Amino acid sequence: MTAVESRPAGVIGTSQSPSHRPFGARVKAFVALTKPRIIELLLITTVPVMFLAEQGVPNLKLVLLTCVGGYLSAGGANALNMYIDRDIDALMDRTSQRPLVTGMVSPVECLVFGITLAIVSTLLFGFTVNWLSAWLSLGALLFYVVVYTMILKRRTSQNIVWGGIAGCLPVLIGWSAVTNSMSWAPVILFGVMFFWTPPHYWPLSMKVKEDYARVGVPMLPVIASNKVVARQIVIYSWVMVVVSLLLQPLGYTGWFYTAVALAAGGMWLWEAHGLQNRAKAEVTGGKLKEMRLFHWSITYVSVLFLAIAVDPFLR
């Protein structure tokens, strides 16, 4: 999942000596390392699945512990991602105000912070939730840091497709936190998030593809035309909507979720096809309106998972 960061073009962050790093600013910098806005979306997909697994209101203490563990785990992954990507972050407009680039946090501090969060989150999950959730959480962190950030991101245009698996695991964690087991319901929702991730991220990549091209990151919009990217977005979008409708036939949800999934999915497909039509017409610049789909993708996943949480009470 993705949050947009920006700065005036051409402004490069500069290192700061310890004496010029106020305590309050330092605290904010460490919080920024965790990418809170992204984690909000991850938790939006975790908590509703707990309602689905419980078929009602789950234990609130369990929800709190799962949210705290999830935040720490995702925060650790994000901090380690920033540590690894600090070289290219300094060259990209949208990331050059990150704490490592500005010097508000040193690389060693960031590395220690990320590893500490990873360890604490795993132990918290294991001792207060269950060890299945702990291993899933650790697996998500390692997949994001090692497989996506270190291996895929700078090597293949399919980076976000397979790297996005890390962002799909919170639905499994939400289910396992309640049941200490797996079922087809979280697997289906894993599929929804898997096919959601590329058409969520590619519109943003279309907007900032010059940034990625500058640092040699082969995002699909960097190496392919807008027509090709838009066609891929439409394909993934259709599969995502179809997968989202599998819960009711298998008996996991009722009419309410299905109605919301159809309505929200229909709006998504409208936006996706609109982007494809503009790309086919070779519209460029602001008229391409690629960010409309990016913003709608966040609304879509929020509405869909809210429906998952509400549906058990209407059956």
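Placement of Cβ uses the backbone N, Cα and C atoms for every residue, glycine included.
Quick look at what Swiss-Prot lists:
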{"type": "TRANSMEM", "residues": "38-58", "note": "transmembrane segment"}
{"type": "TRANSMEM", "residues": "62-82", "note": "transmembrane segment"}
{"type": "TRANSMEM", "residues": "111-131", "note": "transmembrane segment"}
{"type": "TRANSMEM", "residues": "132-152", "note": "transmembrane segment"}
{"type": "TRANSMEM", "residues": "159-179", "note": "transmembrane segment"}
{"type": "TRANSMEM", "residues": "184-204", "note": "transmembrane segment"}
{"type": "TRANSMEM", "residues": "233-253", "note": "transmembrane segment"}
{"type": "TRANSMEM", "residues": "255-275", "note": "transmembrane segment"}
{"type": "TRANSMEM", "residues": "293-313", "note": "transmembrane segment"}
Contact call for the transmembrane segment (293-313) against the transmembrane segment (38-58), three or more Cβ pairs under 8 Å: yes
Within-chain partners of the transmembrane segment (111-131) [C-beta distance under 8 Å, separation at least 6 from its ends]: 30, 33-34, 62, 65-66, 68-70, 72-73, 75-80, 83, 105, 137-138, 141, 176-177, 180
Spatial neighbours of the transmembrane segment (233-253) far in sequence, C-beta under 8 Å, 6+ residues away: 52, 184-185, 188-189, 191-192, 195-196, 198-199, 202-203, 261-262, 265-266, 268-269, 272-273, 275-276, 293, 304, 308, 311, 315
